[in-house]
Amino acid sequence: MTSSIHRTVLLSLFVIFLTTFSSPALAQLSVSFYGSTCPSVFDTVRAATRSAINRETRMGASILRLFFHDCFVGGCNGGILLAGGERNAPANGDTVRGFDVIDNIKRQVDTACGRSVVSCADILAISARDSIIELGGQSYSVPLGRRDTRTPNLAAARSDLPSPFDPLNTIIDKFSRKGFSAREMVALSGAHTVGQARCSSFRDRIYNATNIDPDFAATRQANCPRTGGDSNLAPLDPQSQARFGNNYFQALLNRRGLLSSDQALFNGGSTDSIVRTYSNDANAFLTDFTNAMVKMGNLSPLTGTQGEIRTTCQRVN
């Protein structure tokens, strides 16, 4: 009898603990979250993402960057998609793009499944994965169930997002604050195997850096003058700007990193050995990258009754 009462008391205390201290944000995301409410969500997003990339190959890298800049600021909650707010941070400014593409995908998903079913945050997470696939990278599972924030966090966007001018210790620290190891940080940096950057983000490096291949610098200077041309573009990976692989790391070994923050990964510091590993082993990079992407997608999501399911991704309901 006493033992039975003791077990009952312990069970009651456990239930109180869960009720008091657990949060909807800690709820488990699930690949099958929309299994009954929107079973076609993966197919719909995949088709729309493929269509967008077929129209403009660069869009794949742009969507991937949107996802990273969303998750790194307060979690994967669609905050980056809202007009104003986080978009105005220096690391975003007028360099983030793809908002209309995500809006279009949202409309297609809503047509298939109804409004207020699938969140913009989830659509962005799926589309980022599908962009990687379309550009030749590995697939991975995308757990779903995120909800959209009503309050973008400009202050966090200003402080948390990495800058193209950051030194290695700052980059490591910013990723560490999000729970990523140095190896995971280097793996995620490998997303720069695709996409392009603006002249304003690499001008100082190609004219003033000493840890840069002179021929590479001269090539980039041809399209990035000392003054003017801020929006002129150059590929982040000089070998393959539209194909996902480990060429980015090989470029770093040859001092051909476009951004200062890229070359910082291989510049006599603690991450040199990781860059060498990935430059020699594409499978090691792709495996670590996909694992880190899944981890990033789990950063502080809003779930349960938190936030909302936006009807238009660029504004709150």
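Cβ coordinates come from backbone N, Cα and C, glycine included.
Quick caveat, the model's predicted, so the values are computed rather than measured.
Features of the protein shown, as given by TrEMBL:
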type: SIGNAL; residues: 1-27; note: signal peptide
type: DOMAIN; residues: 28-317; note: domain 'Plant heme peroxidase family profile'
type: SITE; residues: Arg65; note: site 'Transition state stabilizer'
type: ACT_SITE; residues: His69; note: active site, proton acceptor
type: BINDING; residues: His192; note: heme b binding site
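Feature annotations (TrEMBL) mapped to structure.
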residue: Arg65; record: site 'Transition state stabilizer'; Cβ contacts under 8 Å, 6 or more apart: Val96, Gly98, Ala191, Gly195
residue: His69; record: active site, proton acceptor; Cβ contacts under 8 Å, 6 or more apart: Ile80, Glu86, Ala91, Asn92, Val96, Ala157, Leu161
residue: His192; record: heme b binding site; Cβ contacts under 8 Å, 6 or more apart: Leu236, Asp237, Tyr248, Leu258, Leu259, Asp262
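As a whole-number mean, the pLDDT of the domain 'Plant heme peroxidase family profile' (28-317) in this prediction is 96.
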